[in-house]
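Student: According to TrEMBL, the domain 'SAM-dependent MTase RsmB/NOP-type' annotation covers 62-427. Under the heading S-adenosyl-L-methionine binding site, TrEMBL lists C180, A181, A182, P183, G184, S185, K186, D211, D238, D265. Annotation source TrEMBL lists active site, nucleophile at C318. Per TrEMBL, region 'Disordered' is recorded for 437-507, 704-763. Summarising the annotation, TrEMBL assigns compositional bias 'Basic and acidic residues' to 470-491, 704-756.
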Amino acid sequence: MVVISPVRKQVINPIGARLVVTFPSAWMGWGAGYADIIKENKLFEAYYQELGLVPEGEFDQFMAAMREPLPATIRITGYKSHAKEILHCLKNKYFKEIQEVEIDGQKIEAPQPLSWYPDELAWHTNMSRKILRKSPLLEKFHQFLVSETESGNISRQEAVSMIPPLLMKIEPHHKILDMCAAPGSKTAQLIEMLHSDMDVPFPEGFVIANDVDNKRCYLLVHQAKRLNSPCIMVVNHDASCIPRLQIDTEDGQKGTLFYDRILCDVPCSGDGTMRKNIDVWKKWTTSNSLHLHGLQIRIAVRGVEQLAVGGRMVYSTCSLNPIEDEAVIATLLEKSEGALELADASVDLPGLKWMPGVTKWKLMTKEGQWYKDWSEVPVNRHTQIRPTMFPPTDTEKLANMKLERCMRILPHHQNTGGFFVAVLVKKAPMPWNRRFPKLRKEQSSSSVPQPEDSPVGTPLPETPLEDGERDGGKEAGEDSPKEPEAGDQAKESNVCGPPPNKKMKRHGFKEDPFVFLTEDDPVFPPIESFYDLSPDFPKINVLTRTHEGKKRHLYMVSKELRNVMLNNSERMKVINTGVKVWSRNSDGEEFGCAFRLAQEGIYTLFPYIRSRMITVSVEDIKILLTQENPYLSKLEEDAHQQAKKMGMGSIVLKYRPDNSNPDGPQCPIELCGWRGKTSIRAFVPRNERFHYLRMLGVEVFRDKQGQGPREEEKEVKEEVKEGETENGNKDVSPKQELRGENRGDEHLKGDEREGGGENLTST
């Protein structure tokens, strides 16, 4: 969600955003930096009192809730089996300890699950960071939150922000578009739903996450990368004219990509976020909604144009204003002439309290002037106020829209932020596509038939859509002259190069190309032999980020995303895609393979690997994750014998649940490692080590050793910023990592410190 005016300016730096993710602002006490802001806005109160959106007798409660700090909310992320282990750890260890803690004579209230979120995977608490640090027990909980957030297993996400993905009813085969995706918390939910079955490495569906702000796209990349999915692609476009994409169909023809699910979480005035974005109190006026209404309609129209018949689009805002909510939905329904209908989502989230959408509302200017109907608006206001901002005047048509199916969440009902959400189902192609078919030049010349529901069309009558803003027959730069190099790259087989330079000058960095490897690429034979890859391994889904020189890293995407990328290299600006599965290790060549396994892609790659695997026990994993370079003899007998028979090089450490040990992890674990001459080690990032150790029941707690709280905090921040891998080599900077510029050779020697046994954690 992008909140215009006060909020958007605060979250545009991808590096700073990385630190925000590590230290969620919700854990901080409120008031710092906002001491001079009085939580009062007479215009806001007068406006919402007059509209009557709040039930009678509840307005004082509504305003009191708006002035209270927003509860901190966490969501357990990741895929189902690991999420259950984290939930078990939280409920049976940290939450129980918190219940016994008293600070300043007051008993700490333990976090409570959100009643409407499935499987108790979302929790909220009123504890501030200051309180969290007052007790050693709470300090452990705080370290748990910081560590698990960085490793991607817990996300700080506002409660109401979790609602739209739940209403989309995602299935693993769905093609999903997130139109205004940054900062990415909802996108992460979509990815998780796509991977609901962990045994399927490549779901048929995918998520294309878009944002108009180039810098915010890197924050989006950071969020998505924590889930290590080969089915996510981040792109950078204006959502109101996001290009339609082509794909190869099963019959070998070119077809238009239509999405099964679309999340349309549009830019808004953000008056539902006053509890966390205090600036909104002094900056809110009704003008914000008037200025955004047209953009919201254009984005929503572009969304339904690209939605498949039978698909669902969820429209949402963090605004309570009907001008941004029901007015946009009513405009879509009226112009769709029956092609769209509002779905009844009342039973989809039992336990969630919400108010039905309204059918009557008025409009107020920032000077306090009210208008009930378009006919009352003076001519000199017609450029700021449009007919679509008012309710439909035809009572029968208004009743058929069933606007009461829209859902408005009020802050005082369940101690949340304010929110609006509506679920639209597409029953037929949009009418302007049926009436005004318009063939693209490139299609007519190649005799490719135009789909009936083409997103190309004339602007809608009586809607504030500007010519040229809705892809009216041309996509951006379609007929512009191409730079020779970019054009040549695009024509190369298996290359999804960057768009022509003329487009790239708009904003942002110039991204490295995405180069797909061919099945006969010389890089594959040694990899196939060393890891004994199964014959069905999809080699054509492997890509790299360079045309020339040695391939430093190999990434994988799903077959469907590969199809999208190869057919649309000049239509879209791709920021990032793919999960890293192998990294070059020059020392590995002497052992038969120059590429070691990457932990990020192990769950994608594991189903295809048939050798280089060592089955380990709980005790083995404890040794591997707490000691830097243990001797082989430190493993239990079974794992020790497996390791002795295996040559040096990259390995997979595999754990499977033991039914006879109910206290051990009840989910499979795969870790990347290295078999040295006489030792063995796990190549797992620090926070992931902590995560797995917690799953094994090991107490993980970093003693301060005389350091003050701020010094320890600084240490953790520096780990995030600079990064030291467990093999002693420096990681790339966060900016390079987000931009996909991690190209350095990694020299990973398995026996640099034979049997060093350096303790990484206190156990």
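Note: Cβ is positioned from N, Cα and C throughout, glycine not excepted.
Those TrEMBL annotations? Automatic predictions, nothing curated.
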Student: Per the record, S-adenosyl-L-methionine is bound by C180, A181, A182, P183, G184, S185, K186, D211, D238, D265: how many Å separate the farthest pair of Cα atoms?
Tutor: 20
Student: Could you give the Cα-Cα distance between C180 (S-adenosyl-L-methionine binding site) and the residue listed as 'active site, nucleophile', in whole Å?
Tutor: 13
Student: Round to the nearest Å and give the CA-to-CA distance linking G184 (S-adenosyl-L-methionine binding site) with the residue listed as 'active site, nucleophile'.
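Tutor: Each residue's Cα considered, G184 (S-adenosyl-L-methionine binding site) and the residue listed as 'active site, nucleophile' end up 15 Å apart.
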Student: Roughly how many Å lie between the Cα atoms of C318 (active site, nucleophile) and A182 (S-adenosyl-L-methionine binding site), rounded to a whole value?
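Tutor: Their Cα atoms are separated by 14 Å.
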Student: Rank the recorded positions C180, C318 by how many other Cβ atoms lie within 10 Å of each Cβ and give me the one with the fewest.
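Tutor: Sparsest of the recorded positions C180, C318 by Cβ contacts within 10 Å: C180.
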Student: Where's the emptiest Cβ shell within 10 Å among the binding-site residues A182, G184, K186, D238?
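Tutor: Ranked by other Cβ atoms within 10 Å, the binding-site residues A182, G184, K186, D238 bottom out at D238.
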